[in-house]
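First the structure, in the form of structure tokens, and then the observations on it.
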Amino acid sequence: MGFIKKMFDGNKKEVKSLRKVADQVQTFEEEMKSLSDEALQNKTKEYQVELQKIEDYKQQEAYLNKILPEAYAVVREASRRVLGMFPFPVQIMGGTAIHRGDIAEMRTGEGKTLTATMPVYLNALTGRGVHVVTVNEYLASVQAEEMSHLYNFLGLTVGVNLNSLTTEEKRAAYACDITYSTNNELGFDYLRDNMVTYKEERVMRPLNFAIIDEVDSILIDEARTPLIISGQAEKSTSMYIQANVFVKMLKDDIDYTYDEKTKGIQLTENGIDKAERMFKVDNLYDVKNVNLMHHINIALKAQRAMLKDIDYVVEDGEIVIVDQFTGRTMPGRRFSEGLHQAIEAKEAVEIQNESKTMASITFQNFFRMYNKLSGMTGTAKTEEEELLNIYNMAVTQIPTNKPVQRIDGADLIYASEKGKFHAVVDEVIRRHKEGQPVLLGTVAVETSEYISELLKKKGIRHNVLNAKNHEREAEIVQNAGQKGAVTIATNMAGRGTDIKLGEGVKELGGLAVIGTERHESRRIDDQLRGRAGRQGDPGYSRFYLSLQDELMVRFGSDRMSTMMTKLGMNDDQPIESKMVSRAVESAQKRVEGNNYDSRKRTLEYDDVLRKQREIIYAERNEILEKDDCSDQVKAMIEQSVRRAVDYHFTGDENEYDYEAFKNYAEDMYLTEGALSVDEISRRDNEEIYDIVMSKVMAQYQHQKEELQEQFHEFERMIMLRTIDMKWTDHIDTMDQLRTGIHLRSYGQINPLREYQNEGLTLFDTMLESIEDDVSKYILKSIIDRGEQVEREQVGKGEAMVANDGKEKVKQQPKVKSEPDIGRNEPCPCGSGKKYKNCHGRG
């Protein structure tokens, strides 16, 4: 309770501070009104001239804070002249909270788009770029189109970043002062920029300032969804089919247990026995059966926990994910870790090959890279603790311009779903007769279709908006506030379009919102309620629940069920009491708490990969920016040779195998016969290192002379290709480690610490592997001397060819996912023998 009290006290204080700023802005109103268009436009140039004199980011921020009241007044006046809209004081307050790097919580219909124009203009003056982030491309395009007139009038450029744009068009969009984009496209462009071969191919500038619309949807609801760029992995799909056939034979509570609350599934002893018999294995939990166990687990999850028309829909023979928070389908997105393939097997559609992750990032880590981050939404206060802890953004509830007139009825709870839906239909009929528009909110596609059937039987004309018919979304929402309209919508969250009341609807009580089930997130419920009573309009909302609703089943409806039985209440008699509302809210808080813990855990694990990603991307960028990477290459070669010497000549001198080292050095760095055993015998490590390095550097010089002025380009390409291939393999390895790490949570072992430690070891091994492979490629590649080598040739690896057969050449080096096994290394089969005496013979 202490945090909540502090939260609301803090909000009061913050609102007071914002009101002072709004008052200051209003003092410039008459002065701005008196300026000509040209004089008003010149204000932008004045600010920009001053900002160009300041290079330091913090000093620029201080200057922006200083000019804020006047600059906001400039935008207000320009908005009046260009758009015919004049921001209210509460919108100035919201805009100030956004500039401060916080979240402005503003109710539906309070004009968030206009509010954002002030901080967007102010921060765009620096020339560093401002990103306005929306949940879909339609909103990005519409907002950019509407607001570009204002920004262009003030001398600023506006770009829209869409998925369909070419590289050049994207670069132009990002070069603008203000760029509208979806969160997905920003994240993918960042990943793609860190996979380019030449710096000219990059499209983004350094991440400066982002304003996220529907910020809670993106930073909380989608926080755990990673953005993934993937390539095809060559894996058979037969295991998914076999696992699917097997789990269909299993019986609930006999062969496996399913926890409604956590959605966790576990095979029982009985189920394990069946699996061992079916797949003919002695011990299902043996390490060699990890892959089989994984397929059985995801097949179980697909069958039991993933529900058709709720978690996904089947469209044109494909599985399409349904966003649990918005009810929208997400074409192109796939469940990870083989779950998508398991669902494809379940639904008997074509199973697509698994993909291999080449680059990935979560929104949590992407948006934390901006210099300054802010947002706006209708509902975020309930998640302030998380937003503050993870993103360092406070949530300020901005007062409404006009008092809220909406009436929120208490929840009604019924014993069964049947009773609840009958009551909902009766309520719709009653209000529809009076001509009052009704919006019915459902949690799942299935429910919306069921209610639609009930209304059809009663002869009530209505529209359905769900994941299956999202094409008509704008049209349906536009008409939802008209007299007599009945609209059924799955999760109205993030729809981004206001429902405006038709003629004569105010007199009928405004829009009536009926929720048919509580969502596990209070924010989504609040967003549904918020569709009624916008901008001081009248409105009504009420939620109808049943003891069979998922939330009630998962969290303690037993007590209420017992109480209803004792009272002898039937299906048609609801309970309406504060106790019910408190119980529901308590259940929601528990779910939100569980989800927050899960997101926090995701972030803790993802932070391990984030630090590694930053190192790899920084290394890549350094290579891209340099014309000559020789110093980096030489450092890699030195490290590789040093490691090889220390590895082969450690411990008992009598055990030293000089022949093995000679073979290794010639295989990795030198031509055959370049090093003799006599040269290195009975010498210490430093002497051996110096001898080998002098020969290696001579070989390096030889390669340089062969390619002449193209050599530096050749080096860059080798480094980039090796880093990319090794990094891709490393992501895959880390993913497998993360999946399996929970199996170690026994005794005093902390899975996260284990993941951190092993992840670091794997990362170090990968870096060593990069050094070895870069050394081998650059020193051992055979170079075509016959013709001038073009930049594109080098890029494609065409500068490396086989020789004419006069010179004996070892096999071309390949980038492997594991380092080569030295002849004196322990054999990986676990026999304890050296590799040369075991599987390395012959």
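In case you wondered, yes, glycine gets a Cβ from its N, Cα and C as well.
Listed features, source Swiss-Prot:
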type     : residues                                : note
BINDING  : Q91, G109, E110, G111, K112, T113, D498 : ATP binding site
BINDING  : C827, C829, C838, H839                  : Zn(2+) binding site
COMPBIAS : 804-823                                 : compositional bias 'Basic and acidic residues'
COMPBIAS : 833-842                                 : compositional bias 'Basic residues'
REGION   : 796-842                                 : region 'Disordered'
Around the Cβ of Q91 (ATP binding site), the count of other Cβ atoms that are within 10 Å: 28
All-chain count of other Cβ atoms within 10 Å of K112 (ATP binding site): 25
Additional residues surrounding ATP, by Cβ distance to the Q91, G109, E110, G111, K112, T113, D498 centre under 8 Å: M106, T108, L114, T115
Annotated ATP contacts Q91, G109, E110, G111, K112, T113, D498, maximal Cα-Cα distance (Å, integer): 17
Cβ packing number for T113 (ATP binding site), 10 Å threshold: 18
Protein Cβ atoms within 10 Å of G109 (ATP binding site), excluding its own: 20
Candidate with the highest Cβ count within 10 Å, taken from the binding-site residues E110, D498: E110
DSSP state at K112 (ATP binding site), helix/strand/coil: helix
Distant-in-sequence Cβ neighbours of G111 (ATP binding site), under 8 Å, six or more positions away: M85, P87, F88, Q91
